[in-house]
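What TrEMBL annotates here:
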ACT_SITE  CYS174  active site, glycyl thioester intermediate
COMPBIAS  555-578  compositional bias 'Polar residues'
COMPBIAS  582-596  compositional bias 'Acidic residues'
COMPBIAS  597-606  compositional bias 'Low complexity'
COMPBIAS  635-645  compositional bias 'Acidic residues'
CROSSLNK  LYS165  SUMO1 cross-link
CROSSLNK  LYS191  SUMO cross-link
CROSSLNK  LYS237  SUMO1 cross-link
CROSSLNK  LYS258  SUMO cross-link
CROSSLNK  LYS416  SUMO1 cross-link
CROSSLNK  LYS623  SUMO cross-link
DOMAIN    448-535  domain 'Ubiquitin/SUMO-activating enzyme ubiquitin-like'
DOMAIN    545-639  domain 'SUMO-activating enzyme subunit 2 C-terminal'
Amino acid sequence: MVQLVGSLRKELADSLSTCKVLVVGAGGIGCELLKNLVLTGFKNIEVIDLDTIDVSNLNRQFLFQKKHVGKSKAQVAKESALQFCPSANITAYHDSIMNPDYNVEFFRKFMLVMNALDNRAARNHVNRMCLAADIPLIESGTAGYLGQVTVIKKGMTECYECQPKPTQKTFPGCTIRNTPSEPIHCIVWAKYLFNQLFGEEDADQEVSPDTADPEAAWNPEETAARATASEKDGDIKRVSTKEWARSTGYDPVKLFNKLFKDDIMYLLTMDKLWKKRKAPAPLDWQQLENSVCSQQETPAAGLKDQKVLGVWGYCQMFQQSVETLRSQLQEKGEGAELVWDKDDPPAMDFVTAAANLRMHIFSMNMKSRFDVKSMAGNIIPAIATTNAVIAGLIVLEGLKILSGELESCRTIFLNKCPNLRKKLLVPCVLDPPSSNCYVCASKPEVTVKLNVHKTTVLCLQDRILKERFGMVAPDVQIEDGKGTILISSEEGETEANNSKFLSDFGIRNGSRLQSDDFLQDYTLLINVLHTEELERDVEFEVVGEAPDKAPPPQSNQEEVNSITNGNKDSAQPSTSSKAAADDDDIMIVDSEEEEVASSSSAAATAGSKRKHPDSETGETSTKRPRTDQSGAAADNDDDDIIALD
């Protein structure tokens, strides 16, 4: 007769009490996961998260309370989880998982790693560390009512990077509020601003500078003090953005100077943010008005919606749209609210103007009204119950691994609506590793098409190796028979090379570069394919994939169907390029699921037909991106889905 301890076999229960597991991320999924782990019987848990608790987290991250705002998520999650099981041994790290201290040896001490992340950079890194350490990894993510859990094991399953990923559509709140680096960050900010001024106020959609930004204050006590100060500000009573706007009578000039001058000047006082970034440049209405009087702006050519106006042109658009929206609000009466609609001209004008003014402040190229409208997309909220379901599935897959039943592990999709078999949860067999993967193949190798006379060493390091191939601290050697070091991870050693072109080092068509990341225990061989025929704004192409553009290309229908894990935070792990991500939130889960099962079908297949047997029926179905909007979850009329927590 099988001995049971609770609902588990005795052998498994004993294993749980002795095995050591790592949880990466203590946000939406992470909170639910920690609670589940201690209640299931796991006794030795380590959790890491760089982020601090924001008041907007409290509606779904149930290990946190109002008194915890400004404190470390990992530390508070540990303390709260211990109340469920005081005998558990939990270690918390308020740090980035991409910190070199967490090397391969650190990962090797765990039997299992569980990701509860919200951004691709950290996911890629943990994926590589688990491959190097040969430790099973359970990956997960949610987007609104959709979710996914999968298992990654070296040599047995696809790794996280085996299939190409669509452009990420999730952004950290501190990036939106403090350090935007892409036009979409400014567009999301402008949509939030519309709701703060004219619509339903939401704590998740704050637009003023984020004083509790983890990058601005790395010391937890300092971060908590900043958060408390932002609530009190001495004896000054804080009022909402809408209340303040009402007190000014929605005066466009006062709104302009507050948003684009005063708030930007306040951001400049957070000097840690600008050590490695170009600082924003505040705008002043009076100065702009005076300067435009002395020099006439040249009208932009082209169709009205496709014109990119000058700064003063967007100032006038901002003024006119605020006046129109103010009138609409007054007509609706006291306590009325407006709802943003991309097809409402004044609402669209407001977002276009506000977004472009912010782009200009942060040294980005401004966009036409047409571009802004096409990028605005849909916002997917974080759903607490989705996080709970996914966290439960992570534990179930973990129990299979610890029972030695890795072959019974599955990729599981959580759908918004039942599929044809009336199921919300759809398990699919795990895919084997891709022989062409540039991460988990036995000898990773890629071919990159670029112009050696125009590509600098810094572009190779930052745009290609770090951004595109996810390396943290690459060392690059030219295979020229001399072992020439092109890039060194040792600070200052090859800095003089940064501004030089690849051709200056004899790199030409057919040259080979060996790139090593010792932290990730990862080596990539790069074949250089020289070309002078790249499209405009395309810096390089990975052969066999769509070109990487700057700015990224507009998303297509495939991206509608991918799950994007977003929270208050995301594209970079935080405003810090090495942050360890926070929330639930929404990984980009590029999944391949049977076509009838979910709206999250196979962005990863990039149009190729692959057949997966259903884990219960054994039937196979060709999976491909949907081409219509009839799917259960395809109730949006925008292709560009932005998932935000």
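For all residues, glycine too, the Cβ spot is worked out from N, Cα and C.
Bear in mind that TrEMBL entries carry predicted annotations, made automatically and left uncurated.
Features per TrEMBL, on structure.
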residue	record	CB count, 10 Å
LYS165	SUMO1 cross-link	19
CYS174	active site, glycyl thioester intermediate	28
LYS191	SUMO cross-link	25
LYS258	SUMO cross-link	16
LYS416	SUMO1 cross-link	20
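For the domain 'Ubiquitin/SUMO-activating enzyme ubiquitin-like' (448-535), the DSSP-based tally of helix, strand and coil residues reads 19 helix, 28 strand, 41 coil. In this structure the alpha carbons, written CA, of LYS191 (SUMO cross-link) and the residue listed as 'active site, glycyl thioester intermediate' are 16 Å apart.
Looking at the domain 'SUMO-activating enzyme subunit 2 C-terminal' (545-639) alone, the prediction's average pLDDT is 38.
Cα of LYS416 (SUMO1 cross-link) to Cα of LYS165 (SUMO1 cross-link): a distance of 22 Å.
CYS174 (active site, glycyl thioester intermediate) and LYS165 (SUMO1 cross-link) are 24 Å apart (CA-CA, integer value). CYS174 (active site, glycyl thioester intermediate) and LYS258 (SUMO cross-link) are 19 Å apart (CA-CA, integer value).
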